[in-house]
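Per TrEMBL, these features apply:
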DOMAIN    8-206  domain 'NADH:quinone oxidoreductase/Mrp antiporter transmembrane'
DOMAIN    208-263  domain 'NADH dehydrogenase subunit 2 C-terminal'
TRANSMEM  12-33  transmembrane segment
TRANSMEM  70-89  transmembrane segment
TRANSMEM  96-115  transmembrane segment
TRANSMEM  121-139  transmembrane segment
TRANSMEM  151-173  transmembrane segment
TRANSMEM  193-212  transmembrane segment
TRANSMEM  240-260  transmembrane segment
Amino acid sequence: TWDITQLTNQVACTTLTIALCMKIGLAPMHLWLPEVMQGTTLKMALIIATWQKLAPMTLIIMTSNSHSKSLLMLMATLSIIIGGWGGLNQTQTRKIMAYSSIANMGWMIMILQQAPKLTTLTLLIYIMMTTTLFMTFLPQKTKTIKTISTTWTMSPTLTTIMMLTLTSLGGLPPMTGFMPKWLILEKLLNDNMTSLATLTAMATLLSLFFYMRLFYSTTMMIFPNTSPSMHKWRQQMKNTIIMTTVTLTTPLSLMLLPILPLMSP
């Protein structure tokens, strides 16, 4: 059939599933993503982590009923585990965000067939949080954990937003990032998938660890600097596009939790 939403050939369905999952960087077809993001600029890494996901995720959601549920669950679980495990020993922020992307894609695919609208909501929230974080990386050219410790003297405002966004990406309440994880776990429990929900919740602690590692580097450690550096924050930001984007995405990335009751079934 030519209608992509009504695929009947099982081989074609499986091939389509694997191809689309490779496109979004799901495990075990994820090996290209960290290396590609590490080899690009921060702006290109932002595009790969956000905009590049829209087209394949749209096709995955459109064909959600045609995919093998067991295959999707397997790749989603592997992605959450590998996304957390792979980011533990990374020192480059782009590689950390790549493994963050892998883990978040796993959360979306986990609930795809049971609640496609929840998958869409999770994707939108992930894009907002990732965009906010990359926009705080750009002015200081934050490419390693070591350079994060110098950002406080450059721009306290952006550094504060960075710290809060990291906690949101980690899924800590009362930040926005807690909402999709709560709803997904609730849906899994309602569908009697208790063991899968438990494994997913435990695996996401790995991701939370490297987010908190970045948070710790930002707040608890200040890289040695000269006295005049304490006044660098008085310099005005010249890139208005970055500041406008941060202004628009920050409230959505941090303060959407109060609408959680409206999202619950």
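Glycine is no exception: its Cβ is also placed from the backbone N, Cα and C atoms.
Proximity of the transmembrane segment (240-260) to the transmembrane segment (151-173) is established through 3 or more Cβ-Cβ distances under 8 Å for residue pairs spaced 6 or more apart. Among 70-89, 96-115, 151-173, 193-212, 151-173 has the largest number of CB pairs under 8 A with the transmembrane segment (121-139). Ranked by the number of CB pairs under 8 Å to the transmembrane segment (193-212), the listed stretches 70-89, 96-115, 151-173 are led by 70-89.
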